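> One structure follows; several queries about it will come next.
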Amino acid sequence: MEAKQRTRHRDGEERRLVAAADGGAEEYDPWTAWLYKPHTISVLLVGACLLIWASGALDPEGASYHSSATSIKRGVWAMIAVFLAYCTLQAPSTILIRPHPAVWRLVHGLAVVYLVALAFLLFQNRDDARQFMKHLYPDLGVELPERSYGADCRLYVPENPKNKFINIYETLFDEFVVAHILGWWGKAVMIRNQLLLWVLSIGFELMELTFRHMLPNFNECWWDSIILDILICNWFGIWAGMHTVRYFDGKTYEWVGLSRQPSIMGKVKRSLSQFTPAQWDKDQWYPFMGPLRFVQVLFLCVVFMTVELNTFFLKFCLWIPPRNPLVVYRLILWWLIAIPTIREYNSYLQNSKPVKKVGAFCWLSLAICIVELLICMKFGHGLFHDPMPTWLIIFWSSVGVALVVFLLAWSWRNHLKYQRKRL
């Protein structure tokens, strides 16, 4: 009986949260209800005042002088700020409501700005695009040496006077080690499926092997690729991420409003818990449910690996060093975009009703991935002189043919089963 009451309470709480996210601010706690009421006119007036102050619209003539280049930069940033403010207030809400629906509307606006910036970059030539990056970070626009991790694969280097295990030491303390662990933790929290995570982990190592003739950065030693990447960094990130998933999956989501917390400490904990999920969905991908679902899940994996490959090719083509903040900003933005994208795509797959279109974030993610790929292809002309090895062409051609035959056989088998049931 108590379990049924808890279930009804949780279901009612979820309905209340969804209704409030759709604009029912009166359903929220009295202390925080004002955060969910529309403040469009107030923000418009405050924004107008900020524009007056920043632009000097009411200043006397000649009171504030800026060069043409500075004025253009200020104008572009103001244009982006106005657009993001509009998106935060007016963009469509997503299925995510924590910490606030406006946060995900802002992420939606950032994704659109990034897509538009990529479209602009696509219409430049390679040299102009590299020099354009100086406007984002002054140190860019300079050709960089690309590090090769496979130049010396010895585990023990006896002639090195400082460290006999210098190769292992430099690999372990490379910035990509931390990036691998954090990246796979983030993927595990988003995807929540161990099988897909290992497919992505091994698949990306195959991508590095495939494109090592193009990017020196992908030329890794066998122990770096198999032991350090897959069995240590990726495994630890997936392990930590799946433990995080199980932690949130085991919690009971019965939220009590801030005003109903009996103590100051309770109010602080409730405020901090606003940055945790309102409820936890078990994403069931079922890749072997049928040929169509297999292709849909495989498509998700292909997009994931393409986005990761774009990171390295964009750095190479645009001369962006690995430690430049722009690399980190892009990865953070992609992570923020991917969170609602995965939720939308999984809801699209699990919806039993015939859904005609995917969510806005799914569309934006695919569009950004395509434009990034087009930039890599356009700016990569003439940079990669070594042809793909013949054995790689044969290998991937065989994989493609085997995949097509497998899907056709699977589809034919399902068709025969359906025909037998009809008889």
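Backbone N, Cα and C define each Cβ position, glycine as well.
Small disclaimer: the values here were computed from a predicted structure and weren't measured.
Copying in the features that Swiss-Prot gives for the protein in this structure:
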| type | residues | note |
| --- | --- | --- |
| TRANSMEM | 38-58 | transmembrane segment |
| TRANSMEM | 77-97 | transmembrane segment |
| TRANSMEM | 103-123 | transmembrane segment |
| TRANSMEM | 195-215 | transmembrane segment |
| TRANSMEM | 222-242 | transmembrane segment |
| TRANSMEM | 294-314 | transmembrane segment |
| TRANSMEM | 319-339 | transmembrane segment |
| TRANSMEM | 359-379 | transmembrane segment |
| TRANSMEM | 390-410 | transmembrane segment |
> State the non-local partners of the transmembrane segment (222-242) in its own chain: residues 6+ outside its ends, Cβ under 8 Å from one of its Cβ atoms.
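Same-chain contacts beyond the flanks: 149-150, 153, 155, 171-172, 177, 180-189, 192, 194, 197-198, 201-202, 205, 208-209.
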> Do any residues, 6 or more residues outside the transmembrane segment (359-379), come within under 8 Å Cβ-to-Cβ of it, and if so which ones?
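For the transmembrane segment (359-379), the nonlocal Cβ contacts are 92, 94-95, 108, 111-112, 114-115, 118-119, 121-122, 126, 129, 303, 306-307, 310, 313-314, 317-318, 337-338, 340-341, 344-345, 347-348.
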> Taking residues 6+ outside the transmembrane segment (195-215), which of them lie with a CB under 8 Å of any CB in it?
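146, 150, 184, 187-188, 225-226, 229-230, 234, 238, 241-242, 285, 287, 297, 300-301, 304-305, 308-309, 312-313, 316, 384, 386-389, 392, 396.
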> Using Cβ atoms and a strict cutoff of less than 8 Å, what residues sit near the transmembrane segment (319-339) while being 6 or more residues removed from its termini?
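96, 107, 110-111, 114, 130, 133, 136-137, 139-144, 175-176, 179, 183, 186, 190, 307, 311, 361, 364-365, 368.
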